[in-house]
Ligand SMILES: *Cc1c(COP(=O)(O)O)cnc(C)c1O
């Protein structure tokens, strides 16, 4: 068997979920499990939070159907709403909560005949300018949807563009825009993603929507997950599959981009970009071999990457390698590669077996 696995620590997941709930006492939480639970495996994540999570949030009807099959009690929110008219009756059958983010969706909902009324979350575009209605149009649609036969609860939702940058002026602007609509009668309100759960209590409202924090990564560039009390959930582990000595001046990998400036010991690791490791990780990116940091060298290949073991002469074929996880935070690796923990976690490919620790 190829020595590469993504170990998923479900007790860490539950710890992080409990921490999110403690940040917003008395509020309910949609655990965000879109994109296969940020790459961790939606079945196991939902099963692990079943009974604890008040609800789950997903990006499509297909994802929602999978969650509903695992949990027939929790609320399941479609974050972008329905993509075509045929989805409204299906959403009702599944008992979903539905975002309505534009006039096409609102009209399609009113033209549909669902088997039961749906909980509708009117989306306010409070400043991100991606989805949602202007404040005036929220008022308009509030009037039209309130009391409509297709609508059970009528709720308000919006999303921050810069909550990861604490103190960014847009956060205040967006919060104000949300608060100004609360003279309207809404059954439930929701605004906070992970960053706002952790840093913006005024945005907690009735339902928080933690995503990345559940998986033990930080939503902030300047605060790491450990400082926030979060525990890493996924550890991507490989092995050394070859070790060789090269001379000063010899190169490693495709394009011969890295050249040894001293006699060097090179280790080859069973993980590459086809597993989701970032191909653009530069030489020097940290990798853990037997728990010790060594630098990546040369280009990342499809199935392998290379590290410089010169300062770890005892390293042998078969030794354990951690690409990220419990010993090396996914956020640190992401920063070294110019990306985010979100991207690295969601990009772990299907060929990497997930192993679950209860
Ligand atoms: C993905 C998503 C979230 C979760 O965001 P995190 O930054 O991962 O906490 C919350 N709300 C909406 C609308 C989303 O699309």
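Using the three backbone atoms N, Cα and C, a Cβ is placed for every residue, glycine included.
Per TrEMBL, the feature active site, proton acceptor maps to 34, 254. The feature substrate binding site is assigned by TrEMBL to 130, 302. Taken from TrEMBL, the feature domain 'Alanine racemase C-terminal' covers 233-357. According to TrEMBL, the N6-(pyridoxal phosphate)lysine annotation covers 34.
In the shown protein chains, 11 other C-beta atoms lie within 10 A of the C-beta of residue 130 (substrate binding site).
Here the domain 'Alanine racemase C-terminal' (233-357) has, by DSSP, the following mix of helix, strand and coil residues: 19 helix, 46 strand, 60 coil.
Applying an 8 A CB threshold to same-chain residues 6+ apart, the list for residue 254 (active site, proton acceptor) reads 298, 299, 301. Mean pLDDT for the domain 'Alanine racemase C-terminal' (233-357) in the predicted structure: 98. Residue 34 (active site, proton acceptor) counts 20 other C-beta atoms within 10 Å of its own C-beta, drawing on all protein chains shown. Rounded to a whole number, the distance between the Cα atoms of residue 34 (active site, proton acceptor) and residue 130 (substrate binding site) is 18 Å. Cα to Cα, residue 302 (substrate binding site) and residue 34 (active site, proton acceptor) are separated by 26 Å.
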